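J.: Got a structure for you, questions after.
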Amino acid sequence: MSDSEAETASMETTRMYKDDLELSRMSLYLSSQDLINNSPEAARHIRPESITFDSTPGDISVDFVLVSSSKAKAPVDIDGWNRRSAFEERIKEQGLLLEEDVVGGLTFVKVHAPIPVLRRYCEILKLRMPMKEYPMTEHIPEKGFDLIEKIKKIVGRIIRVFITIDPGPFAPAKYILTAEYSREKSYLFNEDDPEFFSAEVRTLVIDFILNRVSWGKDQSDVNCVGIQCLLDGGVYRAAYPLHDGEHTTENSLRHQLYVEWAMMSKWIRKQPIDQIKEYLGVKYAFYFTWLGFYTHLLIPAAILGLIVFFYGIFTFPNNRFSSDICNDKDTIMCPLCDRTCDYWELSNTCFYARLTYLFDNDLTVIFAFLMSIWATLFLELWKRYSATITHRWGLTGFTFEAEHPRPQYLARLAGSNHTKVNIVTGNIEPTVPLWKKIPATLFSISVLLLLIMVAIAAVFGVVLYRMSVLASLSLTNQSDWMSTYSNIFIPTTAAIINLVCIQLLNFVYDKVAIYLTEMELLRTQTEFDESLTIKIYLFQFVNYYTSIIYIAFLKGKNVGYPAKYLRIFNLRQEECSPGGCLMELSIQLFIIMVGQQALNTVVEMIIPVGLNWFNSLTENTGRLDNLKSSSEEEDLATAVKKPWIEDYKLLDWGPRGLFPEYLEMVMQYGFVTLFVTAFPLGPFFALLNNVFEMRLDAKKFMKYFRRPIPHRVPNIGVWYRVLDILGKLAVITNAFIIAFSSNYIPRMVYISLVSEDNTDKGFLNNTLAYFDTKDFESGIAPLSSSYTNVTYCRYKDYRNPPWSPQKYERPTFYYEVLVARLTFIVIFQNIVSLVKVAVQWLIPDVPNALSDRIKRESYLTTQMIIKNEAKKAAEVEHMDGMLHGVNSPQSL
């Protein structure tokens, strides 16, 4: 063979390979290139290597299952177009193998992905696959001083002396170097290993194909793309990958995880995150990894909260403020409502004042400061830990720019002249023009703000309801039953109204949020999910926290005084007790946080069990009665135990996936950080809840739900940004709670500027103003009273007494306290900010050792490629030399 002939043959092989690769990427909705070139017919030319699907496949795995009604291949539209048949034919064109299994009233379509299809799509998806083990990769040096690693080692040694956490039977998976898969560089990968294309990879490839195949006559119709549209339309009843056996099947990973991880008795054990990732996929493994990390970091926060609480218990007998309230039998307070409310004694709030001191004591400020630092440490340490996990799971360098566009996005932009080059993949992709994107985004934001305002208005309406009912009591008789039970009736009915409003708004908002997100024309599924998450979370934030924010920052802050109350719609505002609103805020937090968590725990224990039992009874997967023969009975008895049938009876997570789980935990994190000053026991109750939550979630996945799709993610996504924002807001909210809801700042100012002996003696009297009962507004004074000859009553405020020349005006002390409060907020935020900067400087985002390892692995991978390419070139040169030697005259 001549040099020119060898070169021609080599070029032909290269061209054929490139053509095959291009055709692979030209499959319908696999990339944007087919839409730009308007050549979806290219998919018909792709054929995998010769593989036949036997009716009894034997060792061929069932990688995915589609379930439909066996009555007919319905539904069929008016033109006789059969959607299910068209869909299945087109996924066969992509190389997938199908086989039907009819049981009872259902048809189970078993899907198998052959090796050639897996190889092709692993390259299209740019999956990082495990490489062969080379001698040079066995010992990768780790160097570089890392302060955090040194501290962890020291603390770990101390903890192991006192506490040893059982790691369980699961050993950490052996780390294997990974690289982006390429058929051209297949020599880097051990494709002969039967586990090379794992169940996770098979599921991911099939799901990618199912979501991008068109089943309509017009293949550019966005409403005729993907399996989800067929599921929504009832063509298919379910689509899911299979578990690797029953949760009771021994020697299966599902059984091992169920017994050794999901059982509540194993709560003290470490989570086997590598095995969770192997079975549930990276997305779900990251959730459990984050939940475990968060739960462990709650331990020091819970200890700090318990210290504050028990300090209050042991020292409250010595608290002068609450003792003065309890011992004061002479102070008469002004009525709390118009006409029907009587004067009352200050000592009536004794128990309330004692409880307030449990949370509002000398350690509260220190606790608020430490919790603000804790929030920063938690996020910085998680960022660092997640970088290690991301590298361990072969996701280093994963970017959303490399993610394939959503099929709906591509279909909506079919035929668009606006394109751009993807900076990562180099592919030309359609893009949304600004004149089309900006109006959609502005409209989405406008509707979002409108609905948030509606939610705030609903809470404001409940507040007005409480004030109006309280005002209506002035028109009723004292003996009226509503007046007698107003303390129970008003909060109960208000809570019911608030709950109904929240549920109705949530139902409407979920539908609107999905529609608005579709309008924004977001490129990838990740961008779509994150945008939808932010919309729904903002709305939930308002629903959860508005009532708490009202109590913490608005209630009782500017109500006026008995001679001139500030009213809203002619309604008198609610007031705080003489001890402040902090205790009411603590009670509200306890009810919402602990009550909601307890309810969610009960629901997560009962609902999956009930629904799973209901599915087992109602799904028509075969019955053992009314059979014609004993052989038919035996066949059906065997059929109903098939894994695809058993998995069909399990529950489906739906398209929202882990959103409810993350939402529950992030809302809890908000309680733990935003309002922890008012409720120091919050971290402790969160820790208790999460110990149960972790195992209950694991049990749901292992026993009651179908195996999820193992989508790839490099981290917890948009939730990290939400947590970061909450951490920043926590500094502000805790500073304001201490400054304006607590008595700490007024007490310190009183001790510093007013007290003669630098103690808080007389502080209670200083917080209560005098009011002359002859100065009541018309219709405000009690119609009748059990107290006689009340000349002066007291109310909580800083105002001059009625005998002062400037009666009821603000005294100088009020402004001194206001300046002290604002100064405290500034100092608190600046100190916390400085500590945050120091923490972020000391804790790098990526550990030094990991950074060195990533660089080293990149170098080694490059060296492997160079070495093998040089070897191939030498072999070609040797073959050419032999051929030239044979054909040359000298050899003759």
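Every residue, even glycine, has its Cβ placed from backbone N, Cα and C.
Positions annotated as domain 'Anoctamin dimerisation' by TrEMBL: 60-273. As annotated by TrEMBL, domain 'Anoctamin transmembrane' applies to 276-857. Among the features that TrEMBL reports, transmembrane segment is placed at 284-314, 363-382, 442-468, 488-509, 532-553, 669-692, 713-740.
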J.: At an 8 Å Cβ cut-off, counting only pairs 6 or more apart in sequence, do the transmembrane segment (669-692) and the transmembrane segment (442-468) clear the bar of 3 or more pairs?
T.: no
J.: So which residues does the transmembrane segment (442-468) touch in its own chain, when a touch means Cβ under 8 Å and the partner is 6 or more beyond its ends?
T.: 490-491, 493-494, 497-498, 501-502, 505, 508-509, 512-513, 516-517, 519-520, 535, 538-539, 542-543, 546-547, 550, 568-569, 571-574
J.: For the transmembrane segment (713-740), I need the partner stretch with the highest count of C-beta pairs below 8 angstroms, choosing only from 284-314, 363-382, 532-553.
T.: 363-382
J.: Mean pLDDT for the domain 'Anoctamin dimerisation' (60-273), as a whole number?
T.: 78
